[in-house]
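Report on the following structure.
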Amino acid sequence: MHPQVVRGALYGITAASLWGAMFVVSDAMMKLIPPLTLLSIRLGIAALMFVGILAAQGCLRVPRRAVVELMAIGIVGFGLSVGTQFVGTALSSAINGAVITSASPAFIVLFAWLWLGEPLTRLKLISGAVATLGVLIILDLSQFSFGVSDPQRLLGDLALAFAAVSWAAYSVLVRRASQRFSTAVITAYALIGGLLFCTPIAALELRDTALPAPTIEILGGIFFLSVIVMGGANYLWNRAFALVEASVASLFFFAQPLVGALLSNVLLGQAITPQLLLGALLIVIGVLLALRSERQRHAARAAEQ
């Protein structure tokens, strides 16, 4: 397999796995710090980290027009998508959040076809369907209930659907921007854009809520969520989309619910169920089929040269 494809797969799967682990920590942290305030803190720390690295390397400066474009990408991904995911989960339920946002890879494939001209091959469609089936098997759909009769839950479900669509848009826009800018530059300005969008909303949260006194546990949680997840995982996700087609990279997203489910089982002392193993197997098969599609693309390109 082409080394570029292997690196892209490793980056994307690692990023999504970190997001899966993130939910365990963020769930505890959001009991102490309001969601959008915590998101703003994470964005601020991660943005400072990337700005510092790029400034030290002399790579921070980009055309003014590009600054606006890259910050707008960040508003879509970190402001609109992550923000509405928090709101939607609060109004609906965690299981609805997991099920509805798992539609994001399908929208990535659609947007990549519409905006980037990536071909919709039979192998890509099959791989996406197999991996999606795997996720649905892992999730406990008996707890899923679309909020038609409950206005609050319906609003939450709609917010979650918007989060799935906007994250797909963010990912494809990152793929397009990667043709002109480095992954670090894209990530830095996207984080800044998300920070500028979320901070005013976080200020409204803090009108009625006081932040807790810092403890080792809180500082450790903030470090993990900010530096490792917000900074590291999002850089790896963006890098994956720079290396492989968006429609292929989209399937790496499914490592998130898989890792989340595995960690939940381990932390709760539950046995690994056949349902979880079957779902995991289908996700792996789906990803391998997608990587085969990418390998065929590289082989065809090499044959043309």
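Quick reminder: no glycine exception, Cβ is built from N, Cα and C everywhere.
TrEMBL entries are annotated by machine, without manual review.
TrEMBL annotations:
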type	residues	note
DOMAIN	7-139	domain 'EamA'
DOMAIN	155-291	domain 'EamA'
TRANSMEM	9-26	transmembrane segment
TRANSMEM	32-55	transmembrane segment
TRANSMEM	67-88	transmembrane segment
TRANSMEM	94-116	transmembrane segment
TRANSMEM	123-142	transmembrane segment
TRANSMEM	154-173	transmembrane segment
TRANSMEM	185-204	transmembrane segment
TRANSMEM	216-237	transmembrane segment
TRANSMEM	249-268	transmembrane segment
TRANSMEM	274-291	transmembrane segment
Q. Among 94-116, 123-142, 154-173, 216-237, 274-291, which stretch has the highest count of C-beta pairs below 8 Å with the transmembrane segment (9-26)?
A. 216-237
**Q.** Beyond the flanks of the transmembrane segment (94-116) by 6 or more, those residues with Cβ under 8 Å of it
**A.** 85, 88, 124-125, 128, 131-132, 135-136, 139-141, 143-147, 153, 156-157, 160-161, 163-165, 167-169, 171-172, 175-176, 245-247, 249-251, 253-254, 257, 260
Q. What parts of the chain pack near the transmembrane segment (123-142), using Cβ distances under 8 Å and only residues at least 6 beyond its ends?
A. 95, 98-99, 102, 105-106, 109, 247-248, 250-251, 254, 257-258, 261, 275-276, 278-290, 292-293, 296
Q) Over the domain 'EamA' (155-291), what does the predicted model average in pLDDT? A) 92
